[in-house]
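What follows is a short report on a single structure.
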Amino acid sequence: MSYHKSYTNPPSNPTQGLKRPRNETGNKVTVVLGAQWGDEGKGKVVDLLATESDLVCRCQGGNNAGHTVVVEGTEYDFHLLPSGIINPKSICVIGNGVVIHLPGLFEEAENNEKKGLKGWEKRLIVSDRAHLVFDFHQVVDGIQETQRQATEGKIIGTTKKGIGPTYASKASRIGLRVCDLLGDFKEFSTKFKNLVEQYQSMYSSLTVDTESQLKKLKEYGERLRPMVRDGVYYMYEALHGPPKKILVEGANAALLDIDFGTYPFVTSSNCTVGGACTGLGIPPLNIGEVYGVSKAYTTRVGIGAFPTEQLNVTGELLQTRGHEVGVTTGRKRRCGWLDLVILRYAHMINGFTAIALTKLDILDVLDEIKVGVAYKINGKRIPHFPADMELLHKVEVEYETFPGWKSDTSAARKWNNLPQKAQNYIRFVENHIGVPIKWVGVGKSRECMIQMF
């Protein structure tokens with residue numbers, strides 16, 4: 001074994017001038033990312049791939065994500081745990097870029113245990129560099145939303161899970177990490193109290209029972225301890241050890257990315273492909289396939305610009321037929337036609353190697369189906385997706401219209417089972433974005449994903 005591969009086996013004689021092997025990049029990582037505003041069905045694609053993955057990783061976000069996976073008729077809900085945890089052969093990793101609410105993590109695991117999840121504690125690895133979400137971060141999240149409503153008359157529509165305030169603590173260098181919790185507890189307690197005081201100086205209504213919180217945190221820390229590893233070394237060994245299938249499960253989506261999304265109506269992390277590198281400590285060289293997931297239409301939860309939104313019977317039909325309600329918040333999702341401007345934009349950032357198009361069956365009853373292909377302002381096409389939200393609110397969408405196929409696609413299991421008009425719709429989308437569609441989803445369960453190649 002060449003010595004640069006493993007830190008645990010340095011050469012017995014380091015002065016030997018060994019020739020370094022060329023082009024040994026190690027195992028490649030497959031990344032699954034949302035290509036719209038979230039809720040595209042990433043969990044389903046991850047679940048499909050996780051059945052043959054050795055390692056399934058989360059790299060950003062927290063329990064603001066919501067992935068539903070149906071296995072043998074049982075519906076599992078995941079928010080913080082990688083959805084690969086259902087596969088008894090997979091090891092799951094929560095990377096340094098994830099923010100972890102410990103009560104939420106254990107509660108989620110227990111809820112899924114009741115449904116039949118087994119042995120998760122033996123198969124979960126948590127990075128010691130991940131930041132912790134405290135209960136008061138969640139309270140602050142709510143206070144901030146109330147203040148936005150009072151001062152600006154509008155909210156961002158956060159999940160109130162404390163994700164934004166935790167990333168803010170991280171960026172302000174006052175956050176606390178898993179390694180702090182598992183280190184000297186006296187030291188941790190002091191830092192925790194200082195952090196609480198800092199937040200109380202900003203939010204006078206914030207009350208925190210510090211001693212009771214610390215007592216609980218100490219207990220959670222001990223439960224977590226056996227799962228904690230140095231994430232960087234762990235991932236390095238996974239990449240450079242024996243061949244492994246490694247999957248990274250993105251949370252949220254391209255249009256919710258803190259840099260590239262519809263700011264400020266975004267999440268507080270990078271949910272585009274770069275987040276996989278920074279959130280796990282892996283080099284770009286090890287990124288292999290990048291799969292984008294998109295619905296056959298568009299949805300958005302909360303507020304913010306949504307050019308193809310249909311505030312009419314079509315929008316209502318998509319909402320009811322698609323059961324468009326948030327897994328994490330229970331909020332009704334806003335619905336509209338598929339927007340290829342945002343899919344092309346997401347592809348520019350992520351470099352998708354293939355796409356999964358989900359929930360095609362929801363369109364089965366429509367007489368005609370529209371697809372947004374360009375944005376116009378004052379009748380003129382604009383060449384890019386605008387950064388300025390005021391501008392995005394003003395765009396007029398140029399549509400291509402397709403005849404509906406008016407038949408049930410939910411039983412289709414092969415490309416040839418799909419009606420010709422549905423095939424035409426899929427091919428148009430594929431050609432317009434310039435990325436092959438690898439899966440088409442026509443229902444909730446695993447079997448409903450038609451694999452094209």
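Cβ atoms are placed via backbone N, Cα and C, with glycine included.
Positions annotated as compositional bias 'Polar residues' by TrEMBL: 1-16. Annotated region 'Disordered' per TrEMBL: 1-25, in sequence order. Positions annotated as GTP binding site by TrEMBL: 38-44, 66-68, Arg333, 359-361, 441-444. Under the heading substrate binding site, TrEMBL lists Asp39, Val327, Thr328, Thr329, Gly330, Arg331, Lys332, Arg333. Look at TrEMBL and you will find Lys170 tagged as active site.
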Task: Tertiary neighbours of Gly41 (GTP binding site) (same chain, Cβ under 8 Å, six or more apart) - done: Val293, Lys295, Ala356, Thr358, Lys359, Gly441
- [ ] Could you tell me which of these binding-site residues, Lys44, Arg331, Arg333, has the fewest other Cβ atoms within 10 Å of its Cβ?
- [x] Arg331
TODO: Quick one: of Lys170, Val327, Thr329, Arg331, Arg333, which recorded positions lie within 10 angstroms of Thr68 (GTP binding site), measuring between C-alpha atoms? Sequence order, please.
DONE: Val327
- [ ] For each of the recorded positions (Lys170, Lys332), count the other CB atoms lying within 10 A of its CB, then report the residue with the highest count.
- [x] Lys170
Open item on the list: I need the nearest neighbour of Lys332 (substrate binding site) among the binding-site residues Gly38, Lys44, Leu360, using C-alpha distances.
Closed with: Gly38
- [ ] Write down the Cα-Cα distance for Val442 (GTP binding site) and Lys170 (active site), rounded and given in Å.
- [x] 41
Open item on the list: Return the residues near Val442 (GTP binding site) by Cβ distance under 8 Å, restricted to its own chain and a separation of at least 6 in sequence.
Closed with: Leu360, Asp361, Thr409, Ser410, Ala411, Ala412, Cys448, Ile450
TODO: In whole Å, note down how far the CA of Lys44 (GTP binding site) lies from the CA of Thr329 (substrate binding site).
DONE: 19
- [ ] With an 8 Å cut-off on Cβ-Cβ distance and a minimum sequence separation of at least 6, pull the same-chain contacts of Val327 (substrate binding site), or say none.
- [x] Asp39, Gly66, His67, Thr68, Asp77, His79
Task: Separation of alpha carbons, Gly38 (GTP binding site) and Arg331 (substrate binding site) (Å) - done: 13
Task: Among Gly38, Gly330, the one of these binding-site residues whose Cβ has the fewest neighbouring Cβ atoms within 10 Å - done: Gly330
TODO: Mind telling me which of the binding-site residues Thr68, Leu360 has the densest Cβ neighbourhood, counting other Cβ atoms within 10 Å?
DONE: Leu360
Open item on the list: Rounded to a whole angstrom, what is the C-alpha distance between Gly38 (GTP binding site) and Gly330 (substrate binding site)?
Closed with: 14
- [ ] Can you grab the distance from Arg333 (substrate binding site) over to Lys44 (GTP binding site)? Cα atoms, rounded to a whole Å.
- [x] 19
Task: Residue pair Lys44 (GTP binding site), Gly330 (substrate binding site) - Cα distance, angstrom, rounded - done: 19
